[in-house]
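**Student:** Quick paste from TrEMBL:
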- Lys39: active site, proton acceptor (ACT_SITE)
- Tyr266: active site, proton acceptor (ACT_SITE)
- Arg137, Met314: substrate binding site (BINDING)
- 245-373: domain 'Alanine racemase C-terminal' (DOMAIN)
- Lys39: N6-(pyridoxal phosphate)lysine (MOD_RES)
Amino acid sequence: MSEIASQRPSRIVVDLDAIGHNLQAIRARVGVPVMGIVKANAYGHGLVPVARHLQAQGVDQLGVAFVEEGIALRRAGITTPILVLGGIFGPQVAQFLEHDLEITVSSLDKLRQVEATAEAMGRKASIHLKIDTGMERVGVHSYSAGPFIEAAAASCWCTLKGIYSHLACADDPGSPMTGLQLERFFEGCAHFERIGAPMPLRHLANSGGVLHFPDTWLDIVRPGIVLYGVLPDPASQATIAMRPALSLVSRVVFFKVVNAGNPVSYGATWQPAVDTRIVTVPVGYGDGYPRALSSRGQVLLHGQTHPLVGRVCMDQFMVDIGPQGSAYNEDEVVLIGRQGDAGISTEALAKRAGTIPYEILTGLNERIPREYIGGTDSR
Ligand SMILES: *Cc1c(COP(=O)(O)O)cnc(C)c1O
């Protein structure tokens, strides 16, 4: 971390040991290999340090969304197999092959593009077939997957490593959609048996699948958010003992008394009914702290919860610590995480902001320095 960054009062603290613990807890639950999903800057936790730690912890495979993320991992010296989950564009195929990245092939056309590039480069492509079982995003519909699977199984320039699909409703243990998707997925996989080709790795389970649907674990699971110790949805059940890995902390940068009736922040949307004490915290929506938390957020100061008041600005926001509250410049303020006996979870913050934990975590951007604790085996 640069000297200037280390002087910034705001930081994200990532506990690598918590991520390692969550990986082992997932493993213990599912009993099959794990593909750790590290897309979107490892859900805001930092792509390379997290991948390095997962590799040191023996994760079987890594998954990212885009080829650029895979290349960044290879450039950082990560040697674990990496699957790029997103749809591909033909001109990108050469990059996959150069950097030894596994390709998601989601149509017959794309299979042909991969084969052509692999042949031209004289290098076999490692591929996973994407079957659409109900997400209607990318992939060949399970009910028309026959010719696609036959072509892939017969391909000289592709090593068929996996076949997979993605669950739309696994966050909710009560949704009947998951059973339906599993059934459709098996229908797609049955083409391998029909043509007598060896079955590649079958995978389906995201975090929701890992938490709630043992039938979806199959040959390898693809957890993302639970690796970071966060539940996907308020309806989800914590069937794994997880530890949240991320804290977001800052410090008081200003203290003042605001007189009754004097509005605070842009738009003058909030004013105190009585004279009160207000502190300013130097974090804003420009860091990825949601503006939707205006007059809805909470922070911890001296181990107690206090309300965020008025609008969140680009670089700062204000907190009402009450008529009797006391605070000094540089006092620690916790936005996500624990302070003393109190805590603010990513899940709770997401609820207040009217969004999901994924959006909170992935929104925390590069302007906030990340600091790593634990994980001594990967640093
Ligand atoms: C993001 C993603 C995952 C991980 O999802 P979580 O809900 O975070 O576990 C798994 N599979 C695919 C295809 C994904 O895009």
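Sequential numbering from 1, following the chain as shown.
Glycine is no exception: its Cβ is also placed from the backbone N, Cα and C atoms.
What TrEMBL says about a protein is an automatic prediction, not a curated fact.
In terms of burial and nearby residues, how do these features look in this structure?
**Tutor:** Listed in sequence order, the residues of the same chain lying 6 or more apart from Lys39 (active site, proton acceptor) and placing their CB within less than 8 Å of its CB are Gly63, Val64, Ala65, Phe66, Glu69, Leu85, Gly224.
Under the DSSP three-state reduction, Tyr266 (active site, proton acceptor) is assigned to helix.
In the three-state DSSP scheme, Met314 (substrate binding site) is classed as coil.
In the predicted structure, the domain 'Alanine racemase C-terminal' (245-373) carries a mean pLDDT of 98.
DSSP assigns Lys39 (active site, proton acceptor) to a helix in the three-state reduction.
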**Student:** C-alpha of Met314 (substrate binding site) to C-alpha of Tyr266 (active site, proton acceptor): distance in Å?
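**Tutor:** With the alpha carbons as reference points, the distance is 11 Å.
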**Student:** To the nearest whole angstrom, what is the C-alpha distance linking Tyr266 (active site, proton acceptor) and Arg137 (substrate binding site)?
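**Tutor:** That separation, Cα to Cα, works out to 39 Å.
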**Student:** What is the number of other Cβ atoms found within 10 Å of the Cβ of Arg137 (substrate binding site)?
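**Tutor:** Other Cβ atoms within 10 Å of Arg137 (substrate binding site): 12.
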